[in-house]
Amino acid sequence: MADCSAQVICWRAAASIAWAVLLLPPVTAVFVILSRFSLLHPIHTISECFSLLTSAGAIFSLILLCGVILMVGFLNLEYYTVIPTIACSKIALLGQLLHPRQFVNSSAHCIMGIIVAWCCAVTIGGRYETIGYPCTHSDGSTHMCLNEYHLILLLAGAFVGFSHSLLGVIHNMNFVSFHTVQQYKYLRFKGSLPLVVKCSATQALYSVRNYVVVYFFLGYIPKAWICKTLNLHLNSSIHPLDSIAGLLDLSLLYHLWISATFLLFTWYITLLLFRIFVTEVYNFPVQSSFTEEAHQCLPKVLTDKEPMILKFLALQDLALLSQHSPSRRCEVFSLSQPGGHPHNWNAISRECLSLLADLTQRLVAYHDTVATNGRAKSLSTGSERKTSSETSVTSGTEDLMSPRPTLMMKTPASVFARSIVGGPQSPLTAPFTPDLDSPFASPSLRRLTAPVEQCSPWHGTVQSPHVMRRVPKLWSTSTDSQANGSPPPSPASVASPQQQTSKPSLLAQFLQNRKEQVKHFLAKRVLIMYLFNKLPEASSQALFADSQAHIWALEGISYLIQASFSEDQFGVVQTALPSILSCMLVLQEAVDRHFKLPHASSKPLRSASSMGDPTYKTLRFALRATLKTAIYRITTTFGDHLNAVQMSAEHRKRLQQFVEYKD
């Protein structure tokens, strides 16, 4: 698989970098014209720019810029991801910004920003060209003085590079999304070019504004360090630039802005080309006659975890072939010789059902922790009891997913890490619910998330997002006692947990009291609460961060089932139809429950002023629509034939609503 990865991904990244390098000369020429253009002498300016572009200094600057483009392309290849890392709180986002890996990335962008700014200073020329110049003091001596115009341009490049790296984390610019509408690379590049220009100019404007403010207050620090290091002097006869008079220079502000725009534009062009080339459709062979090429076939690539980009490309190819390629669909429905086994269909359907079952389990675990009205279900009942839907999907998909574990595809561990603070009775999922043992959990939240007593009328499995069914008995009946035929124990005879546990020592009580005091003290601090409070929609976005894979799995398997009605000569698909329908219906129920949560149904605002791709914020809506469409696609194709499919009464009733178009 490593060879296939190098062949598919690395060559595409290299092609994107090559195109970025080829586009660098015309972009540089435009920058030179804009930075040196004069309305009073246009012809003279154009001839001067042409002579400048053919000079030795411009060629050397172009070579340095090519090296920067290569480095940017390498960082894009190193840091890209198809599953975004979503911070569910301010402190989590701060942790991402302060991560050592991000520190290396920011340092590299600062160095590259200085190199690009130096090239811009040499290209603009004039007062920006050198770091030092000879000046005469009042006593008649000649010294080398600091050229602050050159310094402020270099520091601006470092500041813009650092800001770009931080915004990349905040806006998930390393996230690579796949477009729903397939276009040629040239058309995608042409359509995205105005957005790149707009984002570069806008971000450069804000970066220069912030940089001017920072330089006004802290500009004396780098000036003093540079003068001491390079043995330069300050010319007292001119205004320093870290003053209001020095910064109110329209020509200086314009050159800072045009240089920052040029820097960001070259980097964004490299990023755009990388996204276009990496996400281009790749056709995997469904089956191969040669053993050494078996690892490159679609069923094999689908089952591999790494690299994740190949898995996404394979799922994209599956969704496309199931819709538009009858010849490749025949290979999926074919039987192996000798033996007559549908290995291709079994591998593809097993992986698709594994992905759907994984998402269902995540949703069920989330719903068992956070109730729709703010309560958290007690895991002592939720983990021991299963609804009929969960039981049916487990039994229905067992035959397809028995050779390997169900949880094949996970979102990053940092996103869906399980918190063990709550103990075995209430394992909370970290990004979705606040840590009840943290010093920042309010008393009201602890009351809402307290375990439900077994004698409570709310005890039992939640049947509806809004209606809680009361248990018809005064106390719950033990499963073991029912199985043995013995009567349930009386509530008076059952020892309470407080009676069974030993009394803690005085030292443990003292430490616990001090811990609670620290919690209450920190909980009253506004800044602490601001950092540790959960972001409203981040939990839902993190839950569906990898849903593009589930969308393709739903499209691929539903289109294959639709085509099997007339193309499946051996009936290999119909044998798995009960399991597939059960898996989809259970996922539909879990998704419907999730969208009844407070923040799940509100669509975030789309920001058009950033190169960060915000599509991950609306993946849950796309998944819900795709899931419902996939079920309708199957019911419309098979119609009354679905009455012969074996499934539970609850699923049959649910499926009948789709058949009658009542859902």
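Each Cβ is built from the backbone N, Cα and C atoms, and glycine gets one as well.
Computed from a predicted structure; not experimentally measured.
According to TrEMBL, the features are:
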COMPBIAS  389-398  compositional bias 'Low complexity'
REGION    375-405  region 'Disordered'
REGION    475-499  region 'Disordered'
TRANSMEM  17-37  transmembrane segment
TRANSMEM  49-73  transmembrane segment
TRANSMEM  110-129  transmembrane segment
TRANSMEM  149-170  transmembrane segment
TRANSMEM  212-234  transmembrane segment
TRANSMEM  254-278  transmembrane segment
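Sequence-remote contacts of a segment are chain residues at least 6 beyond its ends whose Cβ falls under 8 Å from one of its Cβ atoms, and for the transmembrane segment (254-278) they are 9, 12-13, 15-17, 19-20, 23-24, 27-28, 31, 34-35, 65, 68-69, 72-73, 76-77, 80, 113, 116-117, 120-121, 124, 128, 152-153, 156-157, 160-161, 164, 173, 176-177, 185, 188-189, 192, 196-197, 199-201, 203-205, 207-208, 211-212, 309, 611, 613. Packing against the transmembrane segment (49-73) from elsewhere in the chain are residues 13, 16-17, 20-21, 24-25, 28-29, 32-33, 36, 108, 112, 115-116, 118-119, 122-123, 125, 266-267, 270-271, 274: each is 6 or more residues past its ends and has a CB under 8 Å from a CB in it. Beyond the transmembrane segment (149-170), the same-chain residues lying 6 or more positions past its ends with a Cβ under 8 Å from any Cβ of the stretch are 93, 96-97, 102, 105-106, 109-118, 120-121, 127-131, 203-204, 207-208, 210-211, 214-215, 219, 222-223, 226, 241, 252, 255-256, 259-260, 263-264, 267, 610, 612.
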